[in-house]
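Visitor: TrEMBL feature annotations, pasted as is:
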BINDING   82, 125, 138, 206, 207, 208, 209, 210, 211, 212, 213, 255  substrate binding site
BINDING   112, 115, 130, 133  Zn(2+) binding site
DOMAIN    139-262  domain 'Nudix hydrolase'
BINDING   172, 192, 233  divalent metal cation 1 binding site
MOTIF     173-194  motif 'Nudix box'
BINDING   188  divalent metal cation 2 binding site
Ligand SMILES: NC(=O)C1=CN([C@@H]2O[C@H](COP(=O)(O)OP(=O)(O)OC[C@H]3O[C@@H](n4cnc5c(N)ncnc54)[C@H](O)[C@@H]3O)[C@@H](O)[C@H]2O)C=CC1
Ligand SMILES: [Mg+2]
Ligand SMILES: [Zn+2]
């Protein structure tokens, strides 16, 4: 199967193609979606900070117009990336997720972290370059572990104060320098709920562009301890029976996938597929 969307570093001097516009208010969209004819979009009154050629959708070049601020475009509105994930076409969401990460990274790497001078985009490579330092900065990706801990028919789910009211999810956390994926997982579960785990099994991964996580998903079995929630990070954590689950995360998240796979296995149902 060929993918509809492939990333590429495109020359912004070439005319034509599609473009998406991103401001701190999210992406521009109208009744036809978030992709606009690029030449039309560039004629609108937009505060363009940078332009990036980001890939091909159905063979057509796609560009990102990264804006300093949002502006009124007749017939159009602005919407955050999360809303596109929840509601929109999955391929378009992937285009926007990539655009958001490139836009954020390039915006935050306009100046060299070593000497403070302006950096420039490297042609044909996704990198920002400082000539005096001969330093290249590449897009930032933050590895994060996410794990479903289980105990027979029970699964361990927790709530962060940041979650939508009532929703419980799997435990997650960012890897620190010096850690393996397994080290990180064990530390995060220990820190967040003071539980020990064993039989760690890799389940799959997912790009999570909020703002630049790479989620590595695992299943682990309970090995010991009583739940003690980490102050400030975890509002509540409980063992839930697979027959009696609370409101769960969005269906496109790897958190939901990890839960759905385990529940399907326990109940003898067909297993879901991990959304890319
Ligand atoms: N796709 C999915 O299903 C899910 C994705 N996630 C994502 O996993 C990631 C990690 O989860 P959390 O529980 O928030 O992490 P966490 O348990 O490590 O705690 C968050 C804290 O880590 C620190 N932090 C922020 N960015 C960091 C970085 N790049 N490296 C190291 N530390 C950093 C901050 O102090 C922040 O408050 C987040 O991006 C979150 O959105 C979390 C749950 C579900
Ligand atoms: Mg966490
Ligand atoms: Zn420099």
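Using N, Cα and C of the backbone, Cβ positions are placed for all residues, glycine too.
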Visitor: Are there residues at least six beyond either end of the motif 'Nudix box' (173-194) with Cβ under 8 Å to its Cβ atoms? List them, or say none.
Guide: 142-145, 147, 149, 156, 158, 200, 202, 213, 216, 218, 220, 225-230, 233-234, 237
Visitor: Which chain-mates of residue 115 (Zn(2+) binding site) that are at least 6 residues away have a CB under 8 A from its CB, listed by sequence?
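Guide: The answer is 130, 132, 133.
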Visitor: For a quick check of packing: other C-beta atoms within 10 Å of the C-beta of residue 192 (divalent metal cation 1 binding site), how many?
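Guide: Taking every protein chain into account, the count is 21.
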Visitor: For the recorded Zn(2+) site formed by 112, 115, 130, 133, name the remaining residues of the chain with Cβ within 8 Å of the site's Cβ center, in chain order.
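Guide: My list of surrounding residues reads 113, 114, 116, 117, 119, 131, 132, 135.
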Visitor: How many Å lie between the Cα of residue 213 (substrate binding site) and the Cα of residue 172 (divalent metal cation 1 binding site)?
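Guide: Residue 172 (divalent metal cation 1 binding site) has its Cα 11 Å from the Cα of residue 213 (substrate binding site).
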Visitor: When you rank 82, 138, 209, 233 by Cα distance to residue 188 (divalent metal cation 2 binding site), which of the binding-site residues ends up on top as the closest?
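Guide: That would be 233, the closest of 82, 138, 209, 233 to residue 188 (divalent metal cation 2 binding site).
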Visitor: Spatially, which candidate from the binding-site residues 112, 172, 192, 233 is nearest to residue 82 (substrate binding site), comparing Cα atoms?
Guide: 172
Visitor: Could you check which of the binding-site residues (112, 172, 192, 233) sits closest to residue 207 (substrate binding site), going Cα to Cα?
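Guide: Nearest candidate: 172.
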Visitor: Please name the residue among the binding-site residues 188, 233 whose C-beta has the most neighbouring C-beta atoms within 10 angstroms.
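Guide: Answer returned by the neighbour count: 188.
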Visitor: Using DSSP, would you call residue 211 (substrate binding site) helix, strand or coil?
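Guide: Residue 211 (substrate binding site) sits in coil per DSSP, no helix or strand.
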Visitor: Identify which of the following binding-site residues, namely 82, 115, 130, 138, 213, place a Cβ less than 6 Å away from any atom of ligand 2, and list them by sequence position.
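Guide: Checking each Cβ against ligand 2, none of them comes under 6 Å.
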